[in-house]
Amino acid sequence: MAKFVLNQNLPDLGGPPLYPGPTGSARSPSSPYSVETPYGFHLDLDFLKYVEEIERGPASRRTPGPPHARRPRASRTGLAGARSPGAWTSSESLASDDGGASGALSPGAFPGLSLPPLSPRSLSRNPRVEHTLLETSRRLEQAQARERALSPARAVTRSPRGSGRSSPAPNPALASPGPAQLQLVREQMAAALRRLRELEDQARALPELQEQVRALRAEKARLLAGRVQPEQEVEIEARPDKLAQLRRLTERLATSDRGVRSRASPRAEDPDGLAARRSEGALQVLDPGSRTPDGEPRTRETGTEVVPETREVDAQAVPETGEAGVEVVPETVEVDTWVTEELLGLPEAAERELELLRTSLEHQRGVSELLRGRLRELEEAHEAAVTRPQSRDVAAQTTLGCTEKTTQTELPVENQPRPTAGDEMAPVGILKSIMKKKDGIPGAQSSQGPKSLQFVGVLNGEYESSSSEDGNSDDEDGVAEHPRSSSSGSDDSSGGSDAGTPGPHNDKDAGDCELETHPELTAGREGRCELNPRLREACIALNQQLNRPRGVTSRDGNAARLVAQEWFRVSSQKRSQAESVAGVLRGVKSLGPELLAYVVNLADGNGNTALHYSVSHGNLAISSLLLDTGVCDVNHQNRAGYSALMLAALTSVGQEEEDMAVAQRLFSMGDVNAKASQTGQTALMLAISHGHQDMVAALLECGADVNVQDADGATALMCASEYGRLDTVQLLLAQPGCDLTILDNEGTSALAIALEAEQDEVAALLHAHLTSNHQGQSSTGSPTAKECNDK
């Protein structure tokens with residue numbers, strides 16, 4: 001608000017320089033920058049422009065631009081003091097809005113000021129002055145109209161005070177407010193502006209809240225759409241209760257909203273006693289029905305009076321909305337629990353595992369169907385054999401005893417000639433072989449799988465390898481624990497004892513005895529190729545694929561898969577017979593050397609070959625047959641990083657000279673210093689850690705290096721010292737080049753490891769050996785020094 005105060009430093013307003021005379025003034029009457037008024041005064045046009053800017057109020061002050069220079073107010077003060085109440089009725093339009101200057105510029109403010117006589121020229125009308133005054137009045141009315149439109153509160157406050165144009169002079173009865181009241185009004189207006197800014201900030205946050213509400217509604221719709229399940233009927237039965245609960249929540253929210261509006265309806269009155277009541281249109285803004293679909297108020301042009309009320313009620317209603325949202329959360333969570341894994345999708349690993357299981361089941365179904373067909377054929381053959389004349393029963397029984405060893409051939413009935421009695425009774429032997437398959441010896445893939453390499457798992461951190469018959473074997477590879485970390489490694493479990501019993505199965509019956517009494521039949525069987533027609537056809541197809549330049553491809557996998565299944569079934573079971581393996585090897589060798597090398601070195605999903613399985617099961621006779629082929633890869637490592645040579649170091653052959661000969665032959669054909677891919681251990685370290693003294697001696701005879709270090713920097717001597725194997729330590733110390741000063745990755749020697757493990761005997765032996773070595777070096781060094789001195 002502009003407030004004009006009389007400046008006491010102005011010159012005398014009644015002096016001669018303000019009136020035109022013969023001597024002239026600072027400005028000439030004809031100057032284009034001044035206008036002569038009807039009272040004979042000259043008004044500066046710049047001063048009139050300055051007055052107009054003051055009258056326009058805050059709108060003009062907010063306009064950017066360079067500030068105007070303030071001119072002296074002498075002419076306006078002189079004009080206000082010299083005018084008469086009735087001469088110029090629109091003189092108050094040039095006063096300020098608060099009316100404070102009108103009292104200071106009233107005619108009675110300067111009683112001693114005498115007016116000069118009016119000149120004849122002052123009585124004449126000046127069109128330029130009238131045009132200027134009319135333009136000023138028009139602009140003032142426009143500014144006041146705009147201000148009333150933008151701020152109704154200020155317009156209501158200003159409404160009791162007249163503009164001055166409706167009355168010729170101010171009424172002394174209506175006294176203008178004092179400076180204290182005006183200052184209080186200004187403070188209230190400043191507080192209202194600050195509150196308005198705060199509410200505007202809150203209004204800016206409304207779109208974000210509305211966006212969150214829309215997102216929650218979309219999420220709720222998505223969850224409701226995903227509830228299409230077989231138990232949807234139960235959901236429909238429980239839906240009325242939920243709808244009733246939602247209705248109750250809605251009623252509570254509406255009640256709280258009405259309470260908030262009723263609490264927010266009163267409004268403080270201003271100091272002038274004028275209460276700014278809220279209009280009905282402002283209340284409609286709070287009604288949810290009066291909002292647009294986006295949530296914005298429909299009447300945003302209601303001015304500053306409506307905006308504070310709307311924002312204030314929203315700010316108070318936010319906690320209620322948050323409370324309702326918290327109560328609705330359990331419903332959303334309950335809907336989320338109805339989403340099953342079918343809608344979310346299974347992980348890729350689970351899908352792959354399910355696919356492998358499906359493939360395995362399909363394969364087992366096919367094998368079962370094949371076995372059922374063979375069983376039906378053999379039952380028919382058995383019935384035919386039973387109905388034979390009694391005179392042939394004796395020969396049939398004798399032939400049965402002789403041909404029981406040929407049950408693994410599985411020759412079909414229709415392909416066997418039937419001229420002799422022995423050939424007629426061949427189906428009976430085949431029937432017995434199929435019954436063994438039903439018990440789980442050759443064909444039960446699920447029962448024999450986990451037993452493969454079982455003792456290796458017990459002795460080496462539960463390493464397990466699945467059966468070779470299962471094309472989709474588990475990927476449990478790797479030794480979980482370092483052998484040095486388990487002190488119980490020397491104690492063989494049941495799996496180890498099973499592996500330690502070499503040789504074929506001891507379950508011999510009368511048929512085996514009769515087989516030994518008929519050498520001519522055995523010789524005749526050995527000359528035959530032990531391949532059934534189905535396996536023979538697959539081997540021929542596989543041999544043709546191997547002879548091609550591109551080799552075996554993925555599209556040619558049927559023959560290779562069949563050969564692998566039959567090969568592992570015959571050679572890699574715990575009860576596999578060396579005779580059957582020998583027959584298959586002869587049949588494969590007759591088809592070609594490339595096929596023989598391919599079949600002997602076939603590996604399953606875990607990287608285990610027939611040599612791995614035969615060594616781990618203790619079937620060293622089969623291992624000898626595989627080594628006799630001359631194409632067996634002895635150094636092939638499985639996925640756990642172990643070769644058949646390393647597995648042989650874990651077995652215990654006892655007093656069996658033949659098995660020890662096979663083990664020594666295996667050690668001599670392979671690399672005894674090869675390291676496991678995961679732990680870096682050698683066969684010597686494995687044999688020492690499991691307490692197989694005979695294998696340690698055999699490895700040392702084959703040239704095993706005692707100073708080789710594993711991934712942790714440990715040597716074979718450190719392993720023996722840690723486990724307290726005194727005999728092994730003596731055997732290692734007897735080897736030439738055994739270094740006791742080697743340190744592992746932690747900077748520990750074999751002597752320190754023995755002391756830490758409280759192996760006193762081993763520590764004493766190592767200390768004595770170190771002392772003897774130092775004394776020997778010193779004794780051999782002194783004569784050399786003496787000879788040097790003599791020379």
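All positions are counted from 1 along the displayed chain.
Just so you know, glycine gets a Cβ as well, placed from its N, Cα and C.
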Subject >> Position flagged as phosphoserine [Swiss-Prot], chosen from Ser106, Ser176, Ser265 >> reply: Ser176
Subject >> Record-annotated phosphoserine (source Swiss-Prot) among candidates Ser167, Ser782 >> reply: Ser167
Original post:
Of the residues Ser31, Ser159, which is given the phosphoserine tag by Swiss-Prot?
Top reply: Ser159
Original post:
From the set Ser114, Ser279, Ser433, Ser616, which residue is assigned the annotation phosphoserine by Swiss-Prot?
Top reply: Ser279
**OP:** Summarise the model's confidence over the repeat 'ANK 5' (746-775) as a mean pLDDT value.
**Re:** 89
